[in-house]
Amino acid sequence: MQMNSVWKLSLGLLLLSSVIGSFAELDFGHCETLVKKWADSSSSREEHVNKDKRSLKDLLFFLHVPRTGGRTYFHCFLRKLYDSSEECPRSYDKLHFNPRKEKCKLLATHDDYSLMAKLPRERTSVMTIVRDPIARVLSTYEFSVEVAARFLVHPNLTSASRMSSRIRKSNVISTLDIWPWKYLVPWMREDLFARRDARKLKEVVIIEDDNPYDMEEMLMPLHKYLDAPTAHDIIHNGATFQIAGLTNNSHLSEAHEVRHCVQKFKSLGESVLQVAKRRLDSMLYVGLTEEHRESASLFANVVGSQVLSQVVPSNATAKIKALKSEASVTISETGSDKSNIQNGTSEVTLNKAEAKSGNMTVKTLMEVYEGCITHLRKSQGTRRVNSLKRITPANFTRGTRTRVPKEVIQQIKSLNNLDVELYKYAKVIFAKEHELVSNKLISSSKRSIVDLPSELKSVLGEMGEEKLWKFVPVALMLLLIVLFFLFVNAKRRRTSKVKI
């Protein structure tokens, strides 16, 4: 009798495991079909779009992946090239205008690629910047802490939340209005207040570790941040999902389910990765955060030159803005000391000194950019210092990133496996475009000597490009010396004739 009961129990467990297994198999099968259907649909929509990807279309869509340096590009490049009247209404969270009716030329947003479904594809060029996934994730963590720490000027979380919602200004974009910070900052803010309250209950708080990424008494440790559901949904593989159009801010109805399937079954991620790669291939410009100077130069020559060429100069209405290199940046600090204790968000307004000119060149654009980023970085540095002093001794610098344990770095790589591959692919695209532009510039420099005497052209033609550029200053100096002697000699002849 006992053996019969054991046999029945075993049979029941076997049937149960079989049912569970079949459900899991059905779940995978459903996900596989769903992801494949989405990938096929995405590919077919883009088959005949952007055949001439290197030509700037009527609308430039800057797909801004968070923490890649896109804010610098927007303020120090794009706002110098486009007049404010040419900017589309801000769409940091959702689309706030009808793109088929508006005649704007620049759309810069944290929206993902799904926004393209609402834009006139045949008249839209896309650009983006990609960053090393490890650096991007660390920067996301640091910025979440930095912005959330600004709220600690308030006595408690209720006060901070009430004040920030009350002071929202309609004409200024707040960090809490922007995806993904509208999710990440409140999450970190709540954690910082909870830890501060816990410290107040203790008579003495001893912080033994000076590693800001593992300072549990002050803030959420990095390894816990990485494992949280919010991080899995928004941060990990964030660049791939954003370029694929599958974030939790997507305009696609199926985005959540597709993303969930890929997160649950890693093998399905390859389909999403391939879609993201094809979209990078079709873009007008792909920059790299780590190759800052080269990326800026490439942007100026690929995008900037085309925007400049479309401008028709006129005395009163030229639209190219040769801004002074010291762009005036006004920052309303989040919870800054005394004078600016207003709310828990960072609000940035650029007061542009506009000197309209139709004579701006790629060279002057780069000069303006260099001056602008120097000022902008200084302002950002000041803001960070003021924020992080509220959670002293925690502080983030380039040097402190070396304190992150190797196993945590490996964890970031594993959780961002799609982004790792996408970044590798972006580097290949960047290298090809950089070489192409460099060759065009060399060809242009060769054409500039067409009008020289044939003997001199022959000599220069045999010289290498590097030697050629070294030769130019010397040649100019020799030419000036010859002209000087000719001038002196002519003067002497005139003097001799007068004496006779």
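The backbone N, Cα and C atoms fix where each Cβ goes, glycine too.
Listed features, source Swiss-Prot:
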ACT_SITE  R121  active site
ACT_SITE  E142  active site
CARBOHYD  N156  N-linked glycosylation site
CARBOHYD  N248  N-linked glycosylation site
CARBOHYD  N315  N-linked glycosylation site
CARBOHYD  N343  N-linked glycosylation site
CARBOHYD  N359  N-linked glycosylation site
CARBOHYD  N395  N-linked glycosylation site
SIGNAL    1-24  signal peptide
TOPO_DOM  25-467  topological domain 'Lumenal'
TRANSMEM  468-488  transmembrane segment
CA-CA within 10 A of E142 (active site), subset of glycosylation sites N248, N359, N395 in residue order, equals N395
When the glycosylation sites N156, N248, N395 are compared by other Cβ atoms within 10 Å, fewest goes to N156
Here the recorded positions are R121, E142, N359; the one whose Cβ sees the most other Cβ atoms within 10 Å is E142
The average per-residue pLDDT within the topological domain 'Lumenal' (25-467) comes out at 84
CA pair N156 (N-linked glycosylation site) / N395 (N-linked glycosylation site), Å rounded to integer, equals 22
Rounded Cα distance, in Å, between N248 (N-linked glycosylation site) and R121 (active site) is 23
Cα-Cα, N359 (N-linked glycosylation site) versus N395 (N-linked glycosylation site), nearest Å, comes out at 45
Expressed in Å to no decimal places, the gap between the Cα atoms of R121 (active site) and N395 (N-linked glycosylation site) is 44
In three-state DSSP terms, N156 (N-linked glycosylation site) is classed as coil
